[in-house]
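This is the structure, below, for whatever I ask next.
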């Protein structure tokens with residue numbers, strides 16, 4: 001007897017071979033994903049054990065390596081903190097695979113929104129152009145960017161590890177503040193939703209102006225107050241290239257996790273993932289780039305901001 005998930009399992013198998021799905025299949029998949037994501041909270045609760053991952057940026061073969069090292073989904077539960085697309089050569093295959101896994105195993109994988117899951121940013125940094133190249137039109141780009149509006153903004157592991165792409169906001173004191181806003185929209189240029197996806201921890205105290213032009217920098221005093229107010233042990237975030245794949249800040253109140261090794265195929269960094277076990281103990285696993293088969297011939301006309 002054929003399994004009710006046969007078609008989806010077949011799609012996942014094709015995607016694991018780095019083969020894009022036809023446009024009608026992408027559309028149907030994103031419709032199913034939207035129904036699942038609509039039900040998720042702005043602060044999505046997640047149970048341990050779970051493996052927390054940072055930016056992927058279209059580096060498909062390195063995502064396959066991440067699953068090889070961390071365990072296949074659904075054998076391992078995963079929480080991804082955004083930035084699936086742009087910069088790497090395989091944004092289409094990367095984001096389609098993660099969305100397909102979400103539809104197939106909704107309780108086993110959580111996919112948060114990053115600052116690159118936006119219409120505006122993807123038109124500059126590669127995903128839009130890649131969709132045009134692979135499909136001959138912008139329909140798949142539109143389908144995915146419409147879906148991105150439904151991705152949860154943050155997650156909370158066992159009520160004590162707060163996970164999000166960027167960082168904190170001067171407009172947000174409590175997790176309830178986040179639970180109460182309407183996330184189904186393009187990432188705004190400013191305000192609390194923007195800050196969650198764009199802010200960075202900093203060595204200086206207090207709030208600072210971000211060199212990125214969006215979000216803020218926040219000091220250890222801010223992290224400590226936020227963690228204290230919300231009974232948190234740790235803030236886990238992504239958004240910044242760190243050479244070892246992970247980096248502690250604010251006396252271990254904040255950790256940055258970056259999961260794209262040799263970022264942009266030239267930065268020479270390690271990648272890492274963070275395993276949180278049943279006892280809420282955590283272990284970082286570092287990994288290097290997967291062996292590369294020749295890269296596609298793509299002209300790079302994107303500006304280099306390395307943040």
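Cβ from N, Cα, C; glycine included.
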In Swiss-Prot, the Mn(2+) 1 site includes 55, 57. Which of 10, 83 does it also list there?
83
According to Swiss-Prot, 83, 165, 239 bind Mn(2+) 2; identify which of 42, 115 is listed for that same site.
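Same Mn(2+) 2 site in Swiss-Prot: 115.
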Find the shortest Cα-Cα separation between residue 57 (Mn(2+) 1 binding site) and the recorded positions 115, 116, 165, and name the residue that gives it.
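When the Cα distances are compared, 116 comes out closest.
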Cα-Cα, whole number of Å: residue 116 (active site, proton donor) versus residue 83 (Mn(2+) 1 binding site)?
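For residue 116 (active site, proton donor) versus residue 83 (Mn(2+) 1 binding site), the Cα atoms are 5 Å apart.
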List every residue in the same chain as residue 239 (Mn(2+) 2 binding site), at least 6 positions away in sequence, whose Cβ is under 8 Å from its Cβ.
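Non-local contacts for residue 239 (Mn(2+) 2 binding site): 54, 55, 81, 82, 83, 114, 115, 165, 166, 167, 197, 198, 200, 256.
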For the recorded Mn(2+) 1 site, enumerate neighbouring residues of the same chain (Cβ within 8 Å of the Cβ centroid of 55, 57, 83, site residues themselves excluded), in sequence order.
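Result: 54, 56, 58, 82, 84, 85, 86, 87, 114, 116, 238, 258, 259, 260.
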